[in-house]
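Written below as structure tokens is the structure these notes are about.
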Amino acid sequence: MTGRGQPPKKNDTYDYPRKQPPKNGSYDNYDYPTSTKTRSTNKQRKDSNYPPRETIFEPDLAADPIYSVPRPPSRVPHKLVKVNYKSNLVPITASNSVSELLSLHDETQVTECVEAPLIAKSPDITVYEKMFSVRPKHTLTKLEGKQKMFTRKKKGSFVKIGSNMLEFGESLKSKLHNDSKKSPDEPDGLVHVPVHLLYPPKHQDPVPAFFIFLEGSIGVGKTTLLKSMNGILGGKNVLAFHEPIAYWTDVFSNSLEEVYKLTLPAKVGRTSNSAKLLACQLKFASPLLALKTATDRLSSPKNSLLSSDMWVMFDRHPLSATVVFPYMHFQNGFLSFSHLIQLWSSFKASRGDNIILLNLNSQENLKRVKKRNRKEEKSVSIEHIRLLNNCYHAVYCAWLLVQNFTPEEIVEVCFNAKHITDLSSSKPSFLAKHVSTEDMLKSSIFNTWIEMTKAHRDSCTLMECLLTFCKELEKVQLIHVNVSPFTDDIPGLWASIYTSIRRNSAIKPNRVNWLALEDLARTFNSQ
């Protein structure tokens, strides 16, 4: 403890209390005992009539000593009291009477400032920095300023993306809960669920009908032929299942648009790109495989020996989505071989699947693609169409091999357990009379399998995958038809297809539930 009015021990961080003002009442020549941190500002303080910091006097205390309390501006009271002292001070002792004390009180005038300032004088900021150890504000360099500006822009973009995601979530939620639109015939906004397909009507007498799947490059004329079949056959003897464009473009995402973005030249060899392309191809295959399963439930597995003029026609077989187009993406370098095997393993077929492979000149094919003007197909080039036709040809060559040799023999050849020439010599086939089986193997998709699995010939899983694929491919019948002579002659094209079907003894009709198939076709095409 120090005595009243006596400074403590020397400490540079302490602002010593001030002594009593001089008797002349002037602050001009008053020497302020200050610390080393505030000594440099004495010259500025002498120019003022009042101390530069707030001075508070309490009336109940004596005027000696006077303490100066620095406060931040936010805590300074709005009203200050100015005390005027008389210069001739009389010491007070115990012998003073009450009247003398009262006279001394009258001589001390306490007046209220008419317009009290917030503080007596605004102190220099350097004084506060030294007294309270306030760090000066860091001045950003040019590089730091750019980084801060970039962070703000990036934060703003993230906020914008977040708001867009919230809007997308709300729209998706409304779609899932069917709150966005109400159909005019359903006032409650409930979607018509096709539960009637779960309980198909029973047909007393199954009808023999041919299952025809139209396949080929994009824009080759499959949809045009399918739409013309009602006029050619009268409408009562044909059921048409169109391409599920609505499912590919509207359900969850637009896979048609996405697949063309994923097949840009700059995305060759990317693993993440291959995974996305695999997801798109599986989405393409989903409605085709589902429709294939549904029609198989409504048909008899036994082939009918009777002739028939009833036709069930499809725009594409699962062969295109699981085998042909993935093989084209692999040839271009967009799809990895492991993902190609996954798609080939998902290929399914049935006895009685008759695939009509339509082929057209590449130049004419490109003109048809540009003429229909689909926004997803704007980037299609003639090289794309030629490569796609070559992939269909490779699948056709593989089908010819499977038709002339057993699936087990094909697997042995693909795993280098046997040579294709040994098979052709021990078992004369139809191919040996026309083309070389070795050349046919090199032109087929099996040649790619041989090259890509040389290091994994001991894998039983790969062997089973290839065997399953060959057994599924063996079930179908492929007919190659050239469309070029029938550019504007749809009936002539159908006549050529009809003649090829009748000449092929392996193509036979199936017994089907016609009423249930009609209901399925009506529901499938309406979506």
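Just so it is clear, glycine is given a Cβ too, placed from its N, Cα and C backbone atoms.
Here Swiss-Prot flags 1-57 as region 'Disordered'.
Marked as compositional bias 'Basic and acidic residues' by Swiss-Prot: 9-18.
Among the features that Swiss-Prot reports, compositional bias 'Polar residues' is placed at 32-41.
Annotated ATP binding site per Swiss-Prot: GLY216, SER217, ILE218, GLY219, VAL220, GLY221, LYS222, THR223, ARG368, in sequence order. Around the Cβ of LYS222 (ATP binding site), the number of neighbouring Cβ atoms within 10 Å comes to 23.
Neighbour density for GLU243 (active site, proton acceptor): within 10 A of its CB lie 17 other CB atoms from the protein chains shown. The active site, proton acceptor annotation in Swiss-Prot covers GLU243 and rests on sequence analysis.
Positions annotated as substrate binding site by Swiss-Prot, on the basis of sequence analysis: TYR260, GLN281, ARG374. Every protein chain shown contributes to the tally, and the Cβ of ARG374 (substrate binding site) ends up with 15 other Cβ atoms within 10 Å.
In three-state terms derived from DSSP, LYS222 (ATP binding site) belongs to a helical segment. Annotation for the binding-site residues ILE218, VAL220: lowest Cβ count within 10 Å of the residue's own Cβ, ILE218. For the substrate site listed in the record, the two most distant Cα atoms among TYR260, GLN281, ARG374 lie 19 Å apart. Annotation note: GLY216 (ATP binding site) sits in a strand segment as assigned by DSSP. Spacing of GLN281 (substrate binding site) relative to GLU243 (active site, proton acceptor) is 15 Å (Cα to Cα, whole number). Considering only the binding-site residues GLY216, LYS222, TYR260, ARG368, ARG374, the residue whose Cα is spatially closest to the Cα of GLU243 (active site, proton acceptor) is LYS222.
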